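Asks: The structure follows.
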Amino acid sequence: MASFSGDETAPFFGFLGAAAALVFSCMGAAYGTAKSGVGVASMGVMRPELVMKSIVPVVMAGVLGIYGLIIAVIISTGINPKAKSYYLFDGYAHLSSGLACGLAGLSAGMAIGIVGDAGVRANAQQPKLFVGMILILIFAEALALYGLIVGIILSSRAGQSRAD
């Protein structure tokens with residue numbers, strides 16, 4: 001039997017954080033891609049020349065999944081209870097890191113999807129709205145970036161609970 005140093009339930013919370021980061025971020029990316037993709041498809045029937053210009057919300061929504069992947073990889077590389085002690089503090093730090101990034105990605109994906117859908121449809125009617133749509137999408141994407149930054153900070157706190 002291998003020896004284990006630390007709390008035996010702590011890795012569960014760490015892996016749960018990695019899963020939460022990836023799952024929630026990908027849910028946001030999927031919603032944003034689907035919602036804005038429907039807008040692009042319906043707009044493309046009327047103005048097919050604007051399809052490539054209107055694909056921006058779909059791309060921005062797809063990036064959200066990458067943020068969750070980054071945090072999930074950071075968390076999973078920090079979980080190695082056989083190499084060093086892994087305590088509940090570490091598991092909770094990784095869980096909060098994953099939830100911060102994942103839920104921020106989910107909310108950003110919802111915002112990007114709704115704004116992207118309405119924005120590309122409105123852009124077909126009035127091309128001057130394109131810059132405004134892009135600015136709103138950037139602010140929605142910033143929500144996910146905030147979650148990524150906080151997630152990195154929280155995951156770096158793991159391992160600081162002990163004096164060794």
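A Cβ is built for glycine as well, from the same backbone N, Cα and C atoms used for every other residue.
On a predicted model such as this, the values are computed, not experimentally measured, just so you know.
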Asks: Based on Swiss-Prot, do Asp90 and Gln126 face the same side of the membrane?
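Replies: Domain labels do not match for Asp90 and Gln126 in Swiss-Prot.
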Asks: With the transmembrane segment (95-116) as the reference, which stretch in 10-32, 55-75, 129-154 has the largest tally of C-beta pairs below 8 Å?
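Replies: It is 10-32 that shares the most Cβ pairs under 8 Å with the transmembrane segment (95-116).
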Asks: Within its own chain, what residues at least 6 apart in sequence put their Cβ under 8 Å from the Cβ of Glu141 (site 'Essential for proton translocation'), listed in sequence order?
Replies: Met60, Val63, Leu64, Ala108, Ile112
Asks: Which residues, given as numbers and ranges, are at least 6 beyond the ends of the topological domain 'Cytoplasmic' (33-54) yet have a Cβ under 8 Å from it?
Replies: 61-62, 112-121, 123-124, 127, 130
Asks: Quickly jot the same-chain residues contacting the topological domain 'Cytoplasmic' (117-128) by Cβ under 8 Å, restricted to those at least six beyond its ends, or write none.
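Replies: Here the qualifying positions are 35-36, 38-40, 42-43, 46-47, 50, 53-54, 57, 136-137.
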